[in-house]
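Database features, via Swiss-Prot:
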TOPO_DOM  1-42  topological domain 'Cytoplasmic'
TRANSMEM  43-63  transmembrane segment
TOPO_DOM  64-214  topological domain 'Extracellular'
DOMAIN    98-208  domain 'C-type lectin'
DISULFID  Cys119-Cys207  disulfide bond
DISULFID  Cys186-Cys199  disulfide bond
Amino acid sequence: MDAPVLYAELNLAETRGLRCTSAPSLPQDACQGPGWHRVALKLGCAGLIFLLMVLSVLVGFLVQKPLIEKCSVAVQENRTEPTGRSATLECPRDWHPHCDKCLFTSQTSRPWADGLVDCNLKGATLLLIQDEEELRLLQNFSKGKGQQFYIGLKYEEVDKVWKWMNGSILNTNLLQITGKDEENSCALISQTEVFSDSCSSDNHWICQKTLKHV
């Protein structure tokens, strides 16, 4: 009677031994784990890059939105005549609407004085920048054109200051002029900065005039 019991115990021990020896086969699946981890990591990185791109676009839009709304308000105010009636505001042909202004960009490059004369002949003046928000919009405008332009700002050697064509002195809190402050220096606007150059240099220019009621 003792023999069968012994056999059963040995059989059970062998079965347990087999189960124990089969356990080392499990790490084969585990060895595949790092591959899946790498794939997941790559997908995660790609998703993060995409989210950052979307975020940058949204930030750019949110920055520009107040500026665009400000222009819309300015235009809407000018659309209302003294009588309270709505009026149509239009720019002349070949001029670009910008807030409450019309802008003209020259097709040729000439010295600053020639640009000033050209604007005067068109019943306009070289561009005047009123505030920092308008500066950013005009830099985007310049970026779209892919050029740099003379504006209505010139260095006055006698007074040692930069002056706009309307006689007002440049507010350095509004913008900083990159380059030299010296006689015969005129300001240009590009997509990134406002800088000085010799007034005798050939450059494009921007004229401005107010929107007209028609």
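Cβ coordinates come from backbone N, Cα and C, glycine included.
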Three-class DSSP secondary structure - Cys186 (disulfide bond) | strand
Secondary structure split (DSSP) over the domain 'C-type lectin' (98-208) reads 24 helix, 40 strand, 47 coil
Have a look at the disulfide-bonded residues (Cys199, Cys207) and report the one with the fewest Cβ neighbours inside 10 Å.
-> Cys199
